[in-house]
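Look at Swiss-Prot and you will find G335, P336, N337, T338, G339, G340, K341, T342 tagged as ATP binding site, backed by sequence analysis. Marked as domain 'Smr' by Swiss-Prot: 710-785.
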Amino acid sequence: MEKKVEAILEFDKIKKQLTEFASSSLGEQAILELAPATNFQVVQKSQLETEEGAKIIRLRGSAPITGLTDVFAHLKRLEIGGDLNGLEIYQIGSNLRVSRQMKNFMTDLLEMGVELPLLGALSDELLVLKEVEEDIAISVDESGKILDTASEALSTIRRTLRRTEDRVREKLESYLRDRNASKMLSDAVITIRNDRYVIPVKQEYKGHYGGIVHDQSASGQTLFIEPQSVVDLNNERKALQAKEKQEIERILAEISASLAGWINEIHHNTFILGRYDFIFAKARFGKAMKAVTPHLSDAGIVHLIAARHPLLDAANVVANDIYLGEDFTTIVITGPNTGGKTITLKTLGLLTLMAQSGLQIPAQEDSTIAVFEHVFADIGDEQSIEQSLSTFSSHMTNIVSILEKVNHKSLILYDELGAGTDPQEGAALAIAILDASHEKGASVVATTHYPELKAYGYNRVHATNASVEFNVETLSPTYKLLIGVPGRSNAFDISRRLGLSENIITEARSLVDTESADLNDMISSLEEKRNLAETEYEEARELARGADALLKDLQKEITNYYQQKDKLMEQAREKAANIVTKAEVEAEEIIHELRTMQLNGAAGIKEHELIDAKTRLGKAKPKTINKTIPQAPKQKPHVFQVGDNVRVLSLGQKGTLLNKISDKEWNVQIGIIKMKIKTTDLEYIQPETPKKQRIITSVHSSDSPVKSELDLRGERYEDALQKVDKYLDEALLAGYPQVAIIHGKGTGALRTGVTEYLKNHRMVKSIRFGAAAEGGNGVTIVEFK
């Protein structure tokens, strides 16, 4: 891509704005070197990196990249055996810390299931040098000062040095507190001269303290004297400072030698972190601009929805739809100057450069932009004074250069094509240049104010007209691009609005040839119809967006509903299974108990014990519970067709096939909802055959073999209870409201057992002994619910 084109389209201003979002000089340097790529796969990867960066910003707000520094020069010094200073070592340690934090940050995101194939792969390349990082952290602070914890020797030296300095200050402060201090000292302060502690003594008392004079005031009236009593202490202090310096140099050399063994790893970490900073800068820039990741086309197709020029005020800029490469490859934008035609050219050109640089573009979702090998632009007055070229000559020189380099993977932007010369010749040249550009296979957008080019879009199948809307009421352009509508002259309307006599306007109209006037009237009518259609389209699109949002909400609610339903069903099944298991265990225990009683012999068992055990066995029997989910019988393979009735397995709902999206997916109508369903999630439902109407009759009839009474006299206890259980079921099915159980009076054991059993039967409403006429207490009357 030519740098000249980047300058014309003001791509450098985009890069300048982008640098404000970088966190380090490494990110800024990557931005300064940024240039549009021309390889489709490279552009695709760059866009995916930016999209992944944007995903991270959406999820986490930021990334732990703060603290990254350019340390490549430091590593060069280590490479040749040099030692680093404290600040340089700290900066390398800071990069190691950022490397570790960034790797942990990315690991957390990946473990959460966030799809980050490119940025995740970058984090795999980061090497964590925890020990080296910790050695630096305990040795150097952010200002580059060597810490006491760097070595035991340094800590000891500094403790001794502090004590020595305290002794010096204490001795000098005693002079300041002396009662004669105000007379002999110019000021009651301790200061430093030549790195020695001194006090300011008046000239006439210089011999009082002895010692060494290190300096004097400008007037000579004050001498800065190191008293003899602290000379030795100051000497000791200087010696300790020398030891401190020597130990610091040793520590720096030791750390430098350690870092020298990791030069390649630190270099690569720093490079990777610089890439991260660059990618996150692109993502934050896109967010600030409310930009989107475009679809990319390697077939020259452009379909920008509500595209905005990124350098214009976002609150006032007019968004336009721009499409090219499908129905036509050339757009000729006609109409008067100052109508916003050039802005359209620059918007398309600049957004193309941005997209091919891996930047998101200011447009709506689902916008598509092409990847071109070349972008050429002949925009503005590039007249060269040095070359003494006219405007026309300058443009023509540029166009000649473009036509020499252009190919089928090129985008050409011509501004005011053919301008600067005789209108008739200029229009003819413009048409010939457009034809030549098309023959080379290029995609072209050109602006012109020549009316002769209005016919170009109609006469060439590869071309279409366009114009920028003009509001006659306000006498200003709306900057709205109208593709398919040629520009028209508004001179008469504007003149009338400005007060020109109607007679003059009428005469002027008569001088315009009829064909031209009819064309302008036709264009005017076409504009009105287009505006109406566009308004209705926008309203329809807004309704469609609302309906789409509602559909997505409904689909989400339906999915949540069935997920919750499945969850509750699963919980119910588990609970039911537990009840059944518990009941089975309890029943087995009771049966075992009964068998034990039988083995012990009836003589040793009381009747009420048997009754109690049998009753507990009845209670242990649970209500019928399905422990397994009914499985649909396996069907023969069915070739799905439009209109088939199906069951959506994941939702448990029936639906109808609307249309086939692919071999793996269908559109299915489920009630009022239309959903995309995978073929593997569908089960064919056979059409139901009409069923014959059945006449339902009463369960019991006059010739029912079930009697209204059961005679148990002479029966053994266990056999009697089994007969009662079976008889009650038959009586219920026969429809009896009540029945009689004849058990006799006897010892009362059978009567007691039957009574206890009936009390616990779920279908028995009440029981009573029979009246005298019914058999007295030898009969139990049972009333059903």
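Quick reminder: no glycine exception, Cβ is built from N, Cα and C everywhere.
Recorded features from Swiss-Prot, shown on the structure.
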{"residue": "G335", "record": "ATP binding site", "Cβ within 10 Å": "28"}
{"residue": "G340", "record": "ATP binding site", "Cβ within 10 Å": "24"}
{"residue": "K341", "record": "ATP binding site", "Cβ within 10 Å": "26"}
{"residue": "T342", "record": "ATP binding site", "Cβ within 10 Å": "18"}
Secondary structure content of the domain 'Smr' (710-785), with strand meaning DSSP E or B: 35 helix, 19 strand, 22 coil
Per DSSP, three-state class assigned to K341 (ATP binding site): helix
Confidence summary (mean pLDDT) of the domain 'Smr' (710-785): 81
